[in-house]
Amino acid sequence: MTTSPLLEVRGLRAGYGASIVLEDLGFRMGVEAVGIVGRNGMGKSTLCDALVGFLPPSGGRVLLRGNRIDGRSPERIARSGIAYVPQGRRLFLSLTVEEHLAMLSRRGRRWTPSAVYALFPRLAERKRQRGGNLSGGEQQMLAVGRALLLDADLIVMDEPSEGLAPAIVDVLVDTVHHLVAEGVAVLVVEQNLRAAVRMAPRQLVMVSGRIEAEFAGDELLDRPDLQHRYLGVGTATAPSDPDGAGTTDA
Amino acid sequence: MTATRRRLPVLAAAAVAAAAAVWVLFLATDTPAGTVLDEPGAFVVTALDAVTFAGLLFVAASGFTLIFGLMRTVNMAHGSLFLLAAYVAVGVQQAMVGKTRNIDASEVGIADWLVPMLAGATAAAVVGTVIQQVFLQWNEGQELRQALITLAITVVLADQMLREFGGLAQRMVWPGAVTHFITIFGQRYATTRLFMLGVAVVIGVLLWLWLNRTRLGMVVRAGVDDRQMVRGLGINIRLVFAVVFFAGAFLAGVGGVLGASFAGAAPGTDGAWLLNSLVVVIIGGLGSIKGAAAGSLLYGTVVAFSPAYLPSQYSFYAIILTFGLLALVLAVRPYGLYGRPA
């Protein structure tokens, strides 16, 4: 490892007003798929927002290929090479599928609207539909397709499998593998451990605003004790979430 | 039960509309216009007045709603830009015709109207863009502060325009080619009003093409839906803001020139047209171009019909119906006809 990693986060601190959500968070990743798992309210979405500049960090550093990008505006971060597929997709309700892609397509980019249609043929069938009229799976495909058009080095996905049918999750898993094979890194935040493990061979566990542990492959899937400890699953008392109750994780 | 209650405002609005229709059709005997059955000509003329005035309202209000929709800026200087464009256009027209007073329509060619119109609207657009760049850009996201800043600019501009252009009403002269009268159901009707409607329709079509058929227009619509996400896709929103402010101020300017040709321009016109624009977009829904069109039609209809079809001794109270319309629309749809919660 002589060259700088694709993404390096050091001592990241971010929050909303007086409430600090991320504290001294750090990790590094190369051109690979990395999952971030953790309970509700641990700051996973805040981490995504901080990385893409929606929530400017109040401390620490974010380096993309060795260049500092923290403190830059969202548009500059996007142009530096990070594309965002946010939680809830945040499509433009008044734009059609076609328009979502047309507004971002530029000459000379590797990803074009037709390449996105080739990847997600379902979208091609629904070109004229508005973002708000698509099924959950189609919306997610469009959100991913929209991010691809930026020709980013890294795509940050927040809860991509949320509310999707298993068949659609399969499509997403394949897409993530396909992207990594093409040289695009993917950082995927997931509540759904099974989906996360299928998408990314490396899992970082977030607890109270920092990366607490790292697991490889399906290590976590086979260890109910770890799942209980880090993700609060597998026990009858799991739903109560005392640590996360007061934290914003929007 | 709840479903009925929810539909109650809509039913009330429908009842009011039906009652108004019955009144106009059969009952309005002691009114300036008379019932439709007795005086069909008066009805057609009133309807034309409504639609043509709605055209002017749409041009003025579409710029206001465009700026608000994307930037959440309530541009209180919209009326000032309207008046500024009017004054500039009148000046350019006088220079082109070579006379400063008593210009007759026969002396005005199409170009002597179109070129001043473009000059006036461009002046408004440039001033608007300067206001946005110098005063509003660094207050992005602070809507109340932006509204107050533009309000202050309105006061300053009103004084400066009074100093520069004087206190007398000035009038832009329609081109001679469109200044005729036609006869409809035995009533004379000015073709200039139809020309004004034509200009408004052309503006509306161009605006629609821009927003729906160009990449920048799509970005503007996307920004209305979710500004932050547009930035997250690498789009320089500040540049888009500047372009939209330019376009919105340009539309205010086109409205001002149409208004000056239609009814003249004088101190006070700015406030009146800020109010007109506000009423239209509150009815239609802030930020929606479709809403601006619908709001203009409704408001234009009430403005034209209420003095004509109120009993003669009550014509004076026609203005109250405008606010009645506002109250009714807001009761049925609190965000306006096509508005969405911010």
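Glycine too: its Cβ is placed from the backbone N, Cα and C atoms.
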Quiz item: Among B:143-161, B:314-332, where does TrEMBL put the label transmembrane segment?
Solution: B:314-332
Exercise. Considering only the recorded stretches B:80-97, B:194-211, B:239-260, B:314-332, state which has the highest number of Cβ pairs under 8 Å to the transmembrane segment (B:272-294).
Key: B:314-332
Quiz prompt | Dominant neighbour of the transmembrane segment (B:194-211) in B:43-68, B:80-97, B:239-260, B:314-332, by Cβ pairs under 8 Å | solution = B:43-68
